[in-house]
Amino acid sequence: MVKVLVAGFKGRMGNTTVQMVLEHADFELVAVYDPMASEKNLNENPAYAQTDVPVFNQLVDIDTKAEVWVDFTRPDSVFENAQYALQHGISPVIGTTGLQDDQVIQLQALAKQKGVGGLIAPNFGISAVLLMQFAQKAAQYLPDVEIIEMHHDNKLDAPSGTAINTAKMIAEVRQAHKQGHPEEKETLAGARGADYEGMRIHAVRLPGYVAHEQVLFGGKGEALTIRQDSFDRISFMSGVAVAIEKIRAYQELMVGLENLL
Ligand SMILES: NC(=O)c1ccc[n+]([C@@H]2O[C@H](COP(=O)([O-])OP(=O)(O)OC[C@H]3O[C@@H](n4cnc5c(N)ncnc54)[C@H](O)[C@@H]3O)[C@@H](O)[C@H]2O)c1
């Protein structure tokens with residue numbers, strides 16, 4: 001049984017993860033953490049009346065035998081949480097997006113120093129992982145590309161971690177170049193979206209959406225659109241489960257679920 005702590009358990013993804021961990025035959029939920037929690041035990045919550053699991057609402061109070069720390073929190077707390085997990089020999093499985101590149105480098109150095117495996121996955125959905133791989137392949141032949149990501153309107157960071165990761169993977173095979181007309185001008189600021197090595201990234205925020213992405217390629221007289229849709233947060237859970245199962249076999253912090261598939 002893998003002992004699991006879920007950080008951000010009061011949130012949408014954290015709550016879905018708690019349910020998955022409780023239902024999984026090989027996982028044991030040993031602690032949950034969320035600054036918004038006022039209860040001391042999960043069984044105080046009517047939905048988990050039979051579940052005896054300690055609740056923590058401050059990092060300094062956490063006292064646990066957890067082996068894996070699943071993090072679905074906020075862009076401004078994930079770095080501190082991941083540091084805490086690594087320092088305590090707990091393997092972080094990070095779903096929270098918004099970590100900066102220099103923070104990832106610092107965490108990777110800490111993981112190496114401690115010999116602890118960990119994963120940062122901007123997207124745990126298999127359709128998103130495949131979309132990124134297909135997009136990288138397509139960019140070898142069609143280097144003019146724009147990315148449109150669409151999410152629910154409670155998302156804090158933009159563009160999404162998946163969109164940034166898609167752009168990074170494409171940038172590995174595409175020579176950086178500015179797209180569009182060399183003299184193009186925005187008459188409304190932001191009209192052309194964010195710029196990643198000349199690729200444009202557009203972020204849509206609307207109620208009703210969960211997580212969706214399109215990668216549009218244009219060539220002479222042709223176009224290719226690759227699209228993925230996550231309609232339900234349950235779609236991320238098989239990827240989270242794979243990470244929980246496998247991550248303790250590693251001694252480094254990796255980025256991208258594809259490293260474990
Ligand atoms: N990797 C993926 O596949 C994937 C999929 C969906 C969402 N996400 C990301 O997961 C994160 C959470 O998304 P959500 O929709 O569940 O958000 P949410 O707002 O519903 O939940 C976040 C929870 O984190 C808690 N929290 C805040 N600070 C905390 C801290 N320091 N420690 C622990 N918990 C803390 C909040 O109280 C809240 O309950 C976001 O960054 C989102 O982009 C990733």
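Cβ coordinates are placed from backbone N, Cα and C, and glycine is handled just like the others.
TrEMBL has this to say about the protein:
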type	residues	note
DOMAIN	2-124	domain 'Dihydrodipicolinate reductase N-terminal'
BINDING	Gly8, Phe9, Lys10, Gly11, Arg12, Met13, Glu44, Gly95, Thr96, Thr97, Ala121, Pro122, Asn123, Phe124	NAD(+) binding site
DOMAIN	128-261	domain 'Dihydrodipicolinate reductase C-terminal'
ACT_SITE	His151	active site, proton donor/acceptor
BINDING	His152, Gly161, Thr162	(S)-2,3,4,5-tetrahydrodipicolinate binding site
ACT_SITE	Lys155	active site, proton donor
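This view paints the features noted in TrEMBL onto the structure.
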residue	record	DSSP (3 states)
Gly8	NAD(+) binding site	coil
Thr96	NAD(+) binding site	coil
Ala121	NAD(+) binding site	coil
His151	active site, proton donor/acceptor	strand
Gly161	(S)-2,3,4,5-tetrahydrodipicolinate binding site	helix
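When the Cα atoms are compared, Thr162 ((S)-2,3,4,5-tetrahydrodipicolinate binding site) and Glu44 (NAD(+) binding site) turn out to be 36 Å apart. Here the domain 'Dihydrodipicolinate reductase C-terminal' (128-261) has, by DSSP, the following mix of helix, strand and coil residues: 44 helix, 38 strand, 52 coil. For Lys10 (NAD(+) binding site) paired with the residue listed as 'active site, proton donor', the C-alpha to C-alpha distance reads 15 Å. In the vicinity of ligand 1, defined as a Cβ distance under 6 Å, none of the recorded positions Glu44, His151, His152, Thr162 are placed. On its own chain, Gly8 (NAD(+) binding site) has Gly14, Tyr33, Asp34, Asp71, Phe72, Thr73, Arg74, Thr96 as residues at least 6 apart in sequence with a Cβ closer than 8 Å to its own Cβ.
Within 10 Å of the Cβ of His151 (active site, proton donor/acceptor) there are 22 other Cβ atoms, across all protein chains.
Here the binding-site residues are Lys10, Arg12, and the one whose Cβ sees the fewest other Cβ atoms within 10 Å is Arg12. Of all the recorded positions in the record (His151, Lys155, Gly161), the one with the smallest CA separation from Asn123 (NAD(+) binding site) is Gly161. Considering only the binding-site residues Arg12, Glu44, Ala121, Gly161, His151 (active site, proton donor/acceptor) has Gly161 as its nearest partner by CA-CA distance. Shown in sequence order, Arg205 are the residues of the chain, 6+ apart in sequence, with a C-beta less than 8 angstroms from the C-beta of Lys155 (active site, proton donor).
On the 0 to 100 pLDDT scale, the domain 'Dihydrodipicolinate reductase N-terminal' (2-124) averages 97 in the predicted structure.
Listed in sequence order, Thr97, Gly98, Leu99, Pro122, Asn123 are the same-chain residues at least 6 apart in sequence whose CB falls under 8 Å from the CB of Gly161 ((S)-2,3,4,5-tetrahydrodipicolinate binding site).
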